[in-house]
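Take a look at the structure set out below.
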Amino acid sequence: MSADQEAKEDELLALASIYDEEEFHRAESGKEGEIHLCLELPPNFKLLVKGQKSAEHNISFLPPLVLSFDLPDDYPSTSAPIFTISSKWLTRVQITALCRKLDELWEENQGNVVLFTWIQFLKEETLDFLGIQSPLEIQRSGSQPQCEPAQKHAADASGEKSKVQDLDPRAVQEVDAQTDILTQLLDFDEAQKQRVFDGKAFCCGICYSEKLGCDCLLFKECEHVYCKACIKEYFQIQIKDGKVQCLNCPEPKCASTATPTQVKLLVGEDEFARYDRLLLQSSLDLMADVVYCPRMSCCMAVMVEPDSTMGICPSCRYAFCTLCRRSYHGLSHCIATADELRSLRDEYLSSSEEGKKFLEKRFGKRVIQRAVEESFSTDWLKTNCKQCPCCGTNIQKAHGCNKMTCSSCQKYFCWICLGALSRVNPYSHFNNPDSPCYNQLFHGMEMEEDEAFGSDEDD
């Protein structure tokens, strides 16, 4: 084995021992390979979209620089490695500058292996060498993610064009026309953060067991961590109870909520479908211009025009009043049932002046007055009267025994059980031992009458 071959083999073996398989890849030919270099960004590094100074994004990782190389037979004694540098977020001008810097490093170290020197420079000094600081400005439109101001110069006064900086053919810019560059950078940053998180150990805030991040869930807003087993059970209970707005961090007084993606990863398909449906419904409930079709077989969400009380269901085409949920009645006041009148009375009496005016406008002032009067009358009748079992007339018992005579149909009935009594012998109902009202003819009579009855007997 020649000295060059031995030096190359030793260098490649050293690189394979330093970097893992995801970072360093050696081709089967033995003299080619590539290495992926993720640069270490300073804390609080930001991305800034050109023309949108308010749209800054905090990131911790950028896609790697890729150094591809081919080692000639006479490397390192005579020839330099043949290489290319590719990047998704650097411009070709910037990559060209890196290529020329690697050429300079080869000139300084000619005759010696240089790959590790190149790698160290690219990994540790690229940002400083190119003058890249936070925020890093990127350009979303066009064929390239960033503008290249150094590539072009304005024409001088004589009309002659200034020299255009030559781009190195070894400088490769990876451009995916199908995906926005900002999306690519943010997705990569998120994936790398998740990878780092998965490899760390965390103490669950619920069961206090120590588990790897791959078995845990991180609430992104507050960064509290819980194991997936605990948080899954917590989510399932909340979804079962219909509390889809309460899938927040279990930490007391913490308002951070789980994302739908996190919920979907933990619960089953049926549970997530219920969660998704209830979440949509609760969101619609908060919208003032959304009501639901009153037909029980439909219940479709309906958009209501401003200053209108008519809703038309887009599914069943039912036209209804958005106030009383009955068929649309135009300018006529809403019609209320007896139970609704009672509720209307309570709402009206407890409302402010503005609330009372709204109810009067909705139902009509006469309807409101009738609701108040009739509901009070109904309450009094329910408290003090019973209905005749034969004709339904309300009967009040002021005094006397429990054998009652209806003032309307003249039928006899029992005040206790409301059973109809015999016209021939109505008192047999109270004298029969098998009757539920046996010996109850005078049950419930007022004490004054009892005492008076007793004193008459004594006389």
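Here the Cβ of each residue, glycine as well, is placed from N, Cα and C on the backbone.
Copied from Swiss-Prot, the annotated features are:
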- 10-129: domain 'RWD' (DOMAIN)
- 141-169: region 'Disordered' (REGION)
- 150-169: compositional bias 'Basic and acidic residues' (COMPBIAS)
- 200-441: region 'TRIAD supradomain' (REGION)
- 204-249: zinc finger (ZN_FING)
- 204-254: zinc finger (ZN_FING)
- C204, C207, C227, C230: Zn(2+) 1 binding site (BINDING)
- C222, H224, C249, C254: Zn(2+) 2 binding site (BINDING)
- 273-334: zinc finger (ZN_FING)
- C321, C324, H329, C334: Zn(2+) 4 binding site (BINDING)
- 388-417: zinc finger (ZN_FING)
- C388, C391, C406, C409: Zn(2+) 5 binding site (BINDING)
- C414, C417, H429, C437: Zn(2+) 6 binding site (BINDING)
> Do any residues of this chain, six or more beyond the ends of the zinc finger (388-417), have a C-beta under 8 angstroms from a C-beta of it, and if so which?
Replying inline: 381, 423, 426-427, 429-430, 436-437, 440-446, 449
> By the DSSP assignment reduced to helix, strand and coil, which category contains C437 (Zn(2+) 6 binding site)?
Replying inline: coil
> Mean pLDDT for the zinc finger (388-417), as a whole number?
Replying inline: 89
> Per residue, counting other C-beta atoms within 10 angstroms of the C-beta, which of the binding-site residues H224, H429 reaches the highest number?
Replying inline: H429
>> So, three-state DSSP: helix, strand or coil for H429 (Zn(2+) 6 binding site)?
In response: helix
>> What does the structure give for the C-alpha distance between C388 (Zn(2+) 5 binding site) and C207 (Zn(2+) 1 binding site)? Integer Å is fine.
In response: 65
>> Between the Cα atoms of C334 (Zn(2+) 4 binding site) and C406 (Zn(2+) 5 binding site), what distance do you get, rounded to the nearest Å?
In response: 36
> Counting other Cβ atoms within 10 Å of each Cβ, which of the binding-site residues C227, C334 scores lowest?
Replying inline: C334
> Residue counts in helix (H, G, I), strand (E, B) and coil for the zinc finger (388-417), per DSSP?
Replying inline: 0 helix, 9 strand, 21 coil
> In the zinc finger (204-249), how many residues does DSSP call helix, how many strand, and how many coil?
Replying inline: 19 helix, 10 strand, 17 coil
> Which residue counts does DSSP yield for the domain 'RWD' (10-129) in the helix, strand and coil classes, in that order?
Replying inline: 41 helix, 34 strand, 45 coil
> Taking the Cα atoms as reference points, how far is C414 (Zn(2+) 6 binding site) from C222 (Zn(2+) 2 binding site) in Å?
Replying inline: 70
